[in-house]
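Working notes, beginning with the structure itself.
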Amino acid sequence: MVVWSVLVTLSLLTQREQLNRTAAELARIDAVANLKKDMAIRKWASTVEGVFIREKRLPPVNSLEQEERVTAVRYTGEQFTLVTVTPMHLLLAIQGMTNQEFGSRERLTSKQLRNPDNAPDEWEKKALEQLGRGATIVTQSLPKKGGHGLMRAMIPMQMEKECLECHRDTLIPVGGLRGGATVSIDLNTYRTAQEPTWRTIQYWHAGIWLLGLATILLLHRVFVRRSAEQQRQDQMRRENEAAFAAMAEGAVITDADGDILWVNDAFCRISGYERSEVIGRNPRLLKSGVHDKDFYTRLWQQLKTAGHWRGEIWNRRKSGEVFPEEISMQALRGPDGRIRRYISIFSDITQRKKSEDELAAYREQLEELVRQRTEELTVARDAAEAANRSKSLFLANMSHELRTPLNAVIGFSKLMAGDPSLSPARQDNLQIISHSGEHLLTLINDVLELSKIESGKMEMRPEEVDLPELLGQVVDMMSLRADEGGLDLRLETVHLPTLVLLDPGMLRQVLLNLLSNAVKFTPAGEVVVRVSAQPIDAATVRLEFSVRDSGIGIGLEDQARIFSSFEQVGPAHHGGTGLGLTISRRYVQLMGGELAVRSAPGEGADFHFAMPVPVIAVPDGVGKIRPVQLAPLQTARQVLLVDDSRDGRLLLRSMLEPLGFVIREAGSLGAARAALAAAPVDVVVLDWYLPDGEGIALLGEIKGAAGGPAVIMLTANALAETRNAALVAGADGFLSKPLADGDLYHLLARLLDLPLVEQSRRPAVFGEIRLSTAARDELTPAERLALEQAAIALSPSEIDRAIGQIGQRLPELAATLSTLARARQYQALWDWLEITGSET
């Protein structure tokens, strides 16, 4: 910046000096011009030998008083005096006027003076000497104290003929130097005129100086940055070079021809060569001979085309040892795209190869061990699957064997309980039979449900459910047991939606289990079922269930184990499998809740859970009918019952014949095939296990033929696998024993498009029938024996045949007996025939 300032200052001073010279030059030109002009006027005056001036106009020039005067007359007659003015006097007058008007100083000087006032000063003396030596003009700019200086100029005055008259006393010849005319001009006027130019020059120099300073600062900043960047790059390069040289991997840099330019210390350590031994040589000195020529050809081809290569190479150390190395090679190209350098980074992988070999050996050992273990696990798995199959087969067989007699026990007990002619004692006996059968069925179901849960085969089957109806059914189912125990069973609901989406079977089972325990362990007091709904969003509610009792309660130490399988607390005489709460808790978890209990000994128990359920919108004005029974048929429908159990067939006949169904029976697959070939039927109710095979085989035959009847699989095997297998095989419905008449009615209504009605009691037609002892005595011994045997066998066909024989002789009595038989009022028939329990 200092240099720049000095340069600008020098330029400014140079410009000032140039302006000064220009001013001096202009002054010199003006001075010379003025002198030449004066000399021209003097010469002209000399050529005319002077001029005349009126006396009163004479300039203040010395010696004019001595000049000749003449009198002149105007045309008007006025006289005036004229004075002769010589060329010299005229020149002096002009100089005087110029000095006065323009501030310059012009005068004449000579070394031969006539007038002392014209004596030359020092400069004029020097100028006269120069003119005497032949100079035509002498100019010089001289400094002036307190001003800008003077421009002085002198031109020669030569002796002329016209001047001899006045200067005859001199010895200067014509043409000789008589003296000089000089002028002095103040340079201030010229320099003042240059001030605007000088200020402009100053402004420009100031701007250029500032611009230069800014440029210098910018360049300095750029330089500093580039210098810092260069230093940083140099430092980074040095650090990279140091790191490159110190890294554990070997590094080699070669030129485009492959000659080694640089190696690091690790290269020397791995290869065994000194740096001086390899610089300038080709890396092929490391070749081990393990790889063939094609290997290196492919390597260099990829390196030159793709620009890089990575892999494993076996090389040879200086000692001759062959070793493996993992190497990465990169081609470095210049701006023109040509390869300038090759850089290679490699590491000795001898130890890694050794480890890999060891690992390969270990892997082979492990694979062999895994193979052995896999074989053992396969054997164990096959054994476990065989055990599961055995378990499933056992459960299926046990379910079938237990449910088959239960079907008859529970079914017939319900049918007989509908007979109002039974005595209270017999009604109690039937209730005991029914409750015991249902309890046994509950135990079987608990075992089967636990088996399904433990095998992971239990799945939710959500469906549209009328929640208030389901809750009412559950409470109704338990009301009889509560009444028998003298308990107050109540259902409390708060803001319940009508229709929800959930698994009704799971929820019903949970509530029945909880209610069963509550009734079982409550000697006196109440059992309250409370259900409330809390909205979660527009389509979901949180249902909160609580089953509270005032029973014996549960201790804190027992609360932790009551949910475990086969665990029971409380008095042993209450019985049960200990699976109810376990199954209930698993079901609640599947439905998205958690079953918990609050209780204390002697203060009752409160089992509660909550779960989110979707709500189904119910259109206004839509109610729900509860169809649980078929309406009497207007047109007879044919039903083929295929079951090896006579009791099972009799139960179904008892349920369907009163509604108008025509029943045909078969106890085996062969009999069923014959019955189907003899006449078409509308529905086949088919058992799974038959003496001569499985019912699913007949199912396949029926479904394989076009236009066959609907098939309902009815079996005591209630496992889910059995149900799925039947439906996959083409069954139109699946029912398990013991059979619920409502399920059968719903299924037949769907398959045969029959109407359903609300359940009602069977008409007690037998209540009005009068069967007297006298009428019984009218029977012959053979007729009575045939009817008694048919009634004991509970065979509708045999009863009808015996009644038909009676009708040939006693038609009115036969009609009355037929009414009892069609209504399946076998107990009334037994009472009339005096058949005792021992006989049956």
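Each residue, glycine too, has its Cβ placed from N, Cα and C.
The structure displayed is predicted, hence computed values, not measured ones.
According to TrEMBL, the domain 'PAS' annotation covers 232-294. Summarising the annotation, TrEMBL assigns domain 'PAC' to 309-361. The coiled coil annotation in TrEMBL covers 352-383. According to TrEMBL, the domain 'Histidine kinase' annotation covers 397-615. Among the features that TrEMBL reports, domain 'Response regulatory' is placed at 638-752. The 4-aspartylphosphate annotation in TrEMBL covers Asp687.
For the domain 'PAC' (309-361), residue counts in helix, strand and coil come to 12 helix, 30 strand, 11 coil, using DSSP. Counting residues 6+ beyond its ends, the coiled coil (352-383) has Cβ neighbours under 8 Å at 324 in the same chain. When secondary structure is read from DSSP and collapsed to three states, Asp687 (4-aspartylphosphate) falls in the coil class. Note on the coiled coil (352-383): its mean pLDDT in the predicted model is 85.
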